[in-house]
Structures are given as C-alpha cells and as structure tokens.
Amino acid sequence: MSEIPIGSPPAPPGRHAAPTGWYPDPLDAARERYWDGWQWSSQTREGSGVRPGHTAAGRNPGQRPTGATGKGIWWRRVGATVIDVVVVQLASMLVCWSVLSSIAARIDDWMVANAGTQPMPMPDAAQFITVEEQLILTGVTVGLSLAYGIWLLRTRSATWGQRLFGLRVIAKPRWLRPGAPEPKPTDKLGWGTVIHRSILWTLLVNGGAVIWVLLLYSVLRPLWDKDGQAFHDTLSGTAVVAATAEARPAASELPSRLG
C-alpha cells in the first residue's frame, strides 16, 4: 500500500478538532493511521476493529503498546548500542589507519628483536605508542562518536543501530517551562537535545574504568525505570521507544469521527 501524502486528506474542521492519536486509515480500513494533531503522519499499524471513542477488548487507550519502552525493548537497545560502537570504532580505525600501522610496525619490530630472549621481557606500552598518537586516536574516536550521534539523531531521530533494531529517540523533558507544550512523539529532536544526549553517550562509551561503572548502570537502568530511561536519557530529557509506538489518547478524548 502506498503511503498517504502528509497533510492529506484535509484536516477536520477547526484543525485541532481531533486530538492526537490513532484513527482508521483513510486508505486502508483494516489499519489505523496516526493523527499528530495537525496532519496525518506516515505511520500505520494494524487496526483495533473499533471506532474511535470506544475501547477494544484487550486494548488500553492512553497506554503505550506493550513492549514500547523499558523491558520490552531492552535487548534491542543493547544490540543497537553494540552496533553503534562497532560503527564508530571501524570509522576511527579507517581515519587513523596510518597511526595504527606505525604502532603495529613497532610491535612487530619488538617481537623480532626479542624472539630469542628467554624469558620474554615485559613490554612497555610507551615503546609502541607515543602521547601524541594516543591523543590522536582518542580525539578522532570522540569526534566521530559526537558527529555520528548528533547527525543521525537530528536528521533521523535514531542512530543506525537504533534504526536496525526498530527504535527511535523521542524528547521526554524532565520539566517544561510554564505554558510550554509537551513535545509529541512525532516531533523532531532539537539541536540542544541531540548535542546533550550525544555528549553524554560519548562520555559513557569512551570513558575509563570509573565511567564504565556508569555505563553498566545506564545500560541496565531501563529494566526498572518506570519510563524505560537510561541514565543518559534522563539527563538529556529523552527516551528510546519502539519506532511505531506512540501514545494513544483516552477514549473520552476521541471524537466520534475524523471529519
């Protein structure tokens, strides 16, 4: 089925007469399409079999679909993180290939020079890598990690790993300015949010032994957090959800028809 053009069919009278939520898809009666409060989105799902304003058996209006956050997608978050780390590390290796080649050559020379020595002397890391090379490797890895996160979260609301596992990042601020609207799941992430989140993620993944304790805590935290947020999610005001999971309005808030 071809996707419905964004903004079509025309919005209902009063533009905001229909609250955000899932409604019968105008193109396919067997499915539902998400209305973001302003226009039709491109996201669809299997229909509930009931008209808006009525509760289907086994469905809970106002609740996220089962597995949308927290435990239900935890293993997918871990898999996405592994993919993202591998992507950044491979990119760093390509950029720093000449530096890594020099280090490998020094290690080979040391092995040849000490091949007949018994017992084999303990190697000194300073013999193989200079301070400048360490700074280059660290700087490139951190820089690529930041660029990777900022670029993809801003443009796609998900990294390559998250997209592969059917996840996306949404804004979930800890507080809002008085009168400020709460962000919708379909909203694009702001620059401040993606930069903040990317910095925190980069520090956790590329930190030392002390930071690794925080990384482990951040990885496990969605298992018990009520909003399924990792440590860096909470600090940056974001949450990771299933790509098709959106909040459904309460039945009493839904109009009897969409126009």
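Cβ coordinates are placed from backbone N, Cα and C, and glycine is handled just like the others.
What TrEMBL annotates here:
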REGION    1-23  region 'Disordered'
DOMAIN    21-46  domain 'DUF2510'
REGION    42-70  region 'Disordered'
DOMAIN    74-236  domain 'RDD'
TRANSMEM  78-100  transmembrane segment
TRANSMEM  135-153  transmembrane segment
TRANSMEM  198-220  transmembrane segment
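For the domain 'DUF2510' (21-46), residue counts in helix, strand and coil come to 0 helix, 20 strand, 6 coil, using DSSP. The average per-residue pLDDT of the prediction over the domain 'DUF2510' (21-46) is 76, rounded to a whole number.
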